[in-house]
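Peer 1: I'd like to ask you about the structure that follows.
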Amino acid sequence: MDWVRKKNPLIHCITNDVVTNFTANGLLAVGASPVMTANHEEVEEMARTADGLLLNTGTLTPYQYEAMRLAAQAANENQTPIVLDPVAVGATSYRTRVVQAFLEGVHVAVIRGNGGEIAALIGMHADMHGVEGKSDQPPEMLAKEAANVLGTVVCVTGERDAVSDGKHTYLIKNGHVWLSRVVGTGCLLGAIISAYIAAKGTNVDLSRSATEALAQYGLAAEDAFARSKDEGIGTFQQRFLDSLGWINDDHCHGKINVQQV
Ligand code: ATP
Ligand code: TZP
Ligand code: MG
Ligand code: MG
């Protein structure tokens with residue numbers, strides 16, 4: 001996270017009601033500055049000022065959808081990178097329909113979702129259970145297919161994570177299963193990918209920047225588990241924020257489990 005700490009990017013988040021506080025604290029921990037607003041009177045101005053825009057559909061309403069559209073247009077005009085977390089796409093037809101329509105009008109740099117959400121977004125079979133979702137496809141194949149169909153970098157997360165821009169595909173095995181027992185860890189990951197690519201700049205290979213962000217996030221979770229396994233997931237959540245605050249490139253040396261596939 002050294003790049004993020006050096007640049008202190010401002011990340012404008014239009015995200016869900018469940019994870020707002022956790023996302024803001026996680027962004028601060030890695031050295032970014034969060035700002036949350038969906039107010040139609042100011043979203044365009046805020047998106048123009050920001051270094052990155054995170055859009056998360058977790059508690060999507062028609063008002064918030066319009067805020068996302070306005071902010072995304074301003075971000076596109078300003079070449080500010082957008083990260084989309086299509087939470088629960090595939091769980092209801094409304095979400096699937098509006099997120100697919102949204103992607104026709106704007107360019108997003110990175111999409112991050114679980115296997116079910118990414119599969120549903122491209123019309124493949126998805127096994128959805130509210131915000132949780134799985135695909136029967138291996139993550140690396142799904143990420144590559146979705147990247148080609150959507151023309152963007154795609155991160156598919158779960159037990160193993162995959163990142164693809166359609167040409168280059170990476171498999172990341174860092175992480176811990178306890179991440180799936182704390183709400184908002186997928187949502188925070190989207191925000192941290194946004195901070196990472198905002199800090200590194202869009203001239204740098206986005207799939208590599210996203211891969212690095214995922215691997216370091218996973219390592220922070222491994223570190224947090226080692227320091228909370230005798231306590232439980234409440235302590236794990238706090239230790240995870242601690243680890244995100246400490247993690248740096250030196251700390252990750254030799255522990256990153258990434259392969260190009
Ligand atoms: P879901 O709602 O289906 O849990 P999500 O949007 O919360 O999805 P996840 O796929 O859980 O997102 O990913 C969040 C983080 O948790 C990622 O860093 C991912 O690598 C990690 N993760 C999820 N499940 C596991 C697991 N079984 N083992 C290791 N890491 C995991
Ligand atoms: N309901 C709507 S959004 C949300 C819930 C439970 C949070 C989902 O968070 P994550 O990061 O996808 O687990
Ligand atoms: Mg989750
Ligand atoms: Mg999610």
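Heads up, the Cβ atoms here are built off N, Cα and C, so glycines get one too.
Feature table excerpt (TrEMBL):
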- M36, G184: substrate binding site (BINDING)
- R112, T157: ATP binding site (BINDING)
- 178-199: transmembrane segment (TRANSMEM)
Peer 1: CB neighbours of M36 (substrate binding site) within 10 A?
Peer 2: 15
Peer 1: Sort out the sequence-distant neighbours of R112 (ATP binding site) for me: same chain, 6+ apart, CB within less than 8 Å of its CB, listed by position.
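Peer 2: For R112 (ATP binding site), the qualifying residues are V83, L84, D85, V154, C155, T157, G186, L189, G190, I193, A210.
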Peer 1: Which is it, of T157, G184: the one of these binding-site residues whose Cβ has the most other Cβ atoms within 10 Å?
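Peer 2: Sorting the candidates by Cβ neighbours within 10 Å, the top entry is T157.
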Peer 1: Helix, strand or coil: which one is G184 (substrate binding site) in, per DSSP?
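Peer 2: DSSP call for G184 (substrate binding site): coil, neither helix nor strand.
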Peer 1: Could you check which of the binding-site residues M36, R112, T157, G184 have their CB within less than 6 A of ligand 2?
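Peer 2: List returned for ligand 2: G184.
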